[in-house]
Each structure stands twice: as C-alpha cells, then as structure tokens.
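Contents: one structure, followed by commentary.
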Amino acid sequence: MTMASVSATNPVQSPVRTSRISSLYLSPIKISPTSVALKSRSVASRASAVAGLAFSPLPDNVISRKNKSPPDNFSIKFLGFLALNQRLRRRGSTEFPLVTAAAAGADGREVSNKPKSFGERFPFLITGFFFFMWYFLNVIFNILNKKVYNYFPYPYFVSVIHLLVGVVYCLVSWTVGLPKRAPIDKELLLVLTPVAFCHALGHVMSNVSFAAVAVSFTHTIKALEPFFNAAASQFVLGYQIPLSLWLSLAPVVIGVSMASLTELSFNWTGFVSAMISNIAFTYRSIYSKKAMTEMDSTNVYAYISIIALFVCIPPALIIEGPKLLQHGFKDAIAQVGLYKFMSDLFLIGLFYHLYNQLATNTLERVAPLTHAVGNVLKRVFVIGFSIIVFGNKISTQTGIGTAIAIAGVAMYSLIKAKMEEEKRGR
C-alpha cells in the first residue's frame, strides 16, 4: 500500500476541513508522497487537539524507507505555508466557544452556572408570603380565641392547651421527618431556656389581657412593642438605632395613647398584662435571633414550645385548677357541648402554633425591629377584623389614634427602606 492511499483513508484526516488557500495549491500541482505524509501528520495532530482523540503519527524511519529522495523546493515552500496556516487556525479557534466548552467539559469543570431558585431570585416575595400567612392565621386565632373566652374564661389553662397542641404538632412533624429534628445539647438548652421563659410569660399575659378586655384594646396596647424592641436592640444587642427611626415611632405611641383613653372596655388587669407581654416578647425576639445561629427557626420554636409548656403548667394548676374541677369544665360543656368545646380548644391551639411558627420563620428573614413593626401592622388587621366580627364600638378619638399609629408605621417603613438602599449602594 502506498503512502498516498494511507492518508486518503485515514479516519482522522478525512473530517478535517482544509483552508481555501491550501486547496488552491493542492489542485493543480502534484505533491510528493513525503509532503503528503507530513501534511497528514500536522493535520492529524491538530484534529487530535480539537477532538480529544488519541493519534499516533507515522514514524520518520518509515517515511525514509518509503521515499529516500529529498523534497523539492516547492515542498519546502508548501510546508512553510502549512505551518503558517496552522498558526492561523490556532488563533481562530478562540472565536468558537464550542471548542472552549468541550475543553472545559473534558477537564471536569462546570461550564454553566446553576440557575437560581425562585426564592433566590425573588426573596421579597417569599418574605411577603410569610408576612401574609402570619397575619391571616393570627386573625383567625384571635377571633376563635375570644369566642372561647366568652364561655370559658380561664386564660392560664387555655395557654397550656395552646402550647400542648403545638408540642404534639412538633412531635408528629419530627416523627415523619418534616422537619428533621435537630439534636440539642446542654449548652443550647441553656440558651433556649430564657427564650422559652419569656415566650411562656408573654403568652400567658396576652391571654389574661384577651380574657379581661376587648381584643382590639389588647392589640392597641401591644402596638407599643416596637419601642421596647428598639430599646432592647440598642442597649442589649448593641445596635445603633438612628434618631430618625426613633422619631418615626413617636406617632405610634401617640396613636396608642389616644385610643386607650377612650376605650370602653378598659381595665387595669388587661392593660398591665398587655404591657408585661410587650416586654416578654421583646426579649423573646432578641434571644431567639441569637439562638438561630446554631439551629434553624423551626426546630428552635419547637424546643421553645416544649420548654414553655412545662413553665406554664404549674401556674395553671395552682391558680385555676380548683375552679376548673369545681365548675369550669361543667359550665363550658353545658353551654356549647363537649364536642364543640374540645374542637374549639384544639383549633385555637393549632392556629396559635402555626401563626407563631410563621412569625419565627419571618424573624429569621428580617431584623428584630422590622419584625416588631410588622407585628404592629398585624395588630391593625386584627383590630379591624375583631371590630367587624364582635361588633365592638369605637369612638372618634380611638379611630383617629389608630390612624396616627398606622401613619407612624408607614413613616418608619419608608425611612428604613431608604437606609437599606443606601447601604446596598455603597
């Protein structure tokens, strides 16, 4: 077999496309077998680099045995042009990203970036969804909770039921692995214990206020929580709260004060209990934020609920236990029946756990002060719906005070958003 036939049937040489200029030289002139062999070697080497195929060039001693005559002058010129054409090909290969991608894939490196998820592209929509569900579940809980207090006025026992249903929910969720239970050690238990105590205290005091006064009045008092939260953020966590944010919260205090002065259901038990719950929930938010550095928010709230349940049981047994055994349960069952009484307790416990779980998830996504202001807006929704459902009468001054409080929250939101934009622009 001649060398020309070997080059013609070479599977590597055949798909390689030669340049237009070199084909003009090849068509009218006879090329010696030696030059054809050398061209075959150069083209095959270039095709091997591009396609990543293994290729063994023809040894020089074979060429010398097949053709011992030296190449003529044209062959030398052709070889020089072929080398130039090969260099031009190398320079032009950078214009084709397909070759680069193939090389990257051969090296095992990732060529394209992984597409972002919906939550990564639109985090504000996810946060907004958390806020919406938090508001919605809280409204349902407050309406059902107040209806239970109308025929079963035992807030300490009802607080235990709220936490008990939540603990059962958490245990079932851990059993099915949604979410997976995070292990807890002695150190983390010591961190969560004060959080759970504040949670239990704030929860019980809120229920005492709900049972004593109208739902709208309790939430009006609890709208002062941003001030407690701002003070704790600055003096406990060390965050510097700007003066503009302090001034933007002033209308909230003025509005709450105006609404309280003309509240028809005012009594000191409801007022003091709501103020204590403000302080307790402020510290719960702050220390929950610290605890989230070691564990996700869902597991944090589950462990807080379990610890808080054990904190709430003793006062419920001591304060309300004898009354419940004497006539509390009997009176409630006589009014609404056993099935409705049990189902109402279960539903308010379920809604309480779900809205607090979402509140904890929302706190994980925002700062404590922003969470507190969101809590104020939530109370606006609760106040409005409770007035509609229970037919609570409000005076003109109460309406004006509520409007002023809402304006203060809007002012704070605008200032806070502008500050965050300036930070991102730096």
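Cβ from N, Cα, C; glycine included.
Copied from TrEMBL, the annotated features are:
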{"type": "TRANSMEM", "residues": "122-144", "note": "transmembrane segment"}
{"type": "DOMAIN", "residues": "127-413", "note": "domain 'Sugar phosphate transporter'"}
{"type": "TRANSMEM", "residues": "156-176", "note": "transmembrane segment"}
{"type": "TRANSMEM", "residues": "188-205", "note": "transmembrane segment"}
{"type": "TRANSMEM", "residues": "243-262", "note": "transmembrane segment"}
{"type": "TRANSMEM", "residues": "268-287", "note": "transmembrane segment"}
{"type": "TRANSMEM", "residues": "299-318", "note": "transmembrane segment"}
{"type": "TRANSMEM", "residues": "338-355", "note": "transmembrane segment"}
{"type": "TRANSMEM", "residues": "376-394", "note": "transmembrane segment"}
{"type": "TRANSMEM", "residues": "400-417", "note": "transmembrane segment"}
Feature contact check the transmembrane segment (243-262) with the transmembrane segment (400-417), CB under 8 Å, 3 or more pairs: yes
Taken over the domain 'Sugar phosphate transporter' (127-413), the model's mean pLDDT: 86
Long-range Cβ neighbours of the transmembrane segment (243-262) (under 8 Å; 6 or more residues past either end): 217, 220-221, 223-224, 226-227, 230, 271, 369, 376, 395, 397-398, 400-409, 411-412, 415-416
Segment proximity, the transmembrane segment (338-355) to the transmembrane segment (122-144), 3 or more C-beta pairs under 8 Å: yes
Beyond the flanks of the transmembrane segment (299-318) by at least 6 residues, Cβ under 8 Å: 156-157, 159-160, 163-164, 166-167, 170, 173-174, 179, 181-182, 184, 189, 192-193, 195-197, 199-201, 203-204, 288, 291-292, 353, 356-357, 360
Chain residues outside the transmembrane segment (268-287) and at least six past its termini with a C-beta under 8 angstroms from it: 191, 194-195, 198-199, 201-203, 205-206, 208-209, 212-213, 217-218, 221-222, 224-225, 228-229, 232-233, 236-237, 260, 363, 368, 371-372
Long-range Cβ neighbours of the transmembrane segment (338-355) (under 8 Å; 6 or more residues past either end): 133-134, 137-138, 140-141, 144-145, 147-148, 152, 158, 161-166, 169-170, 305, 332
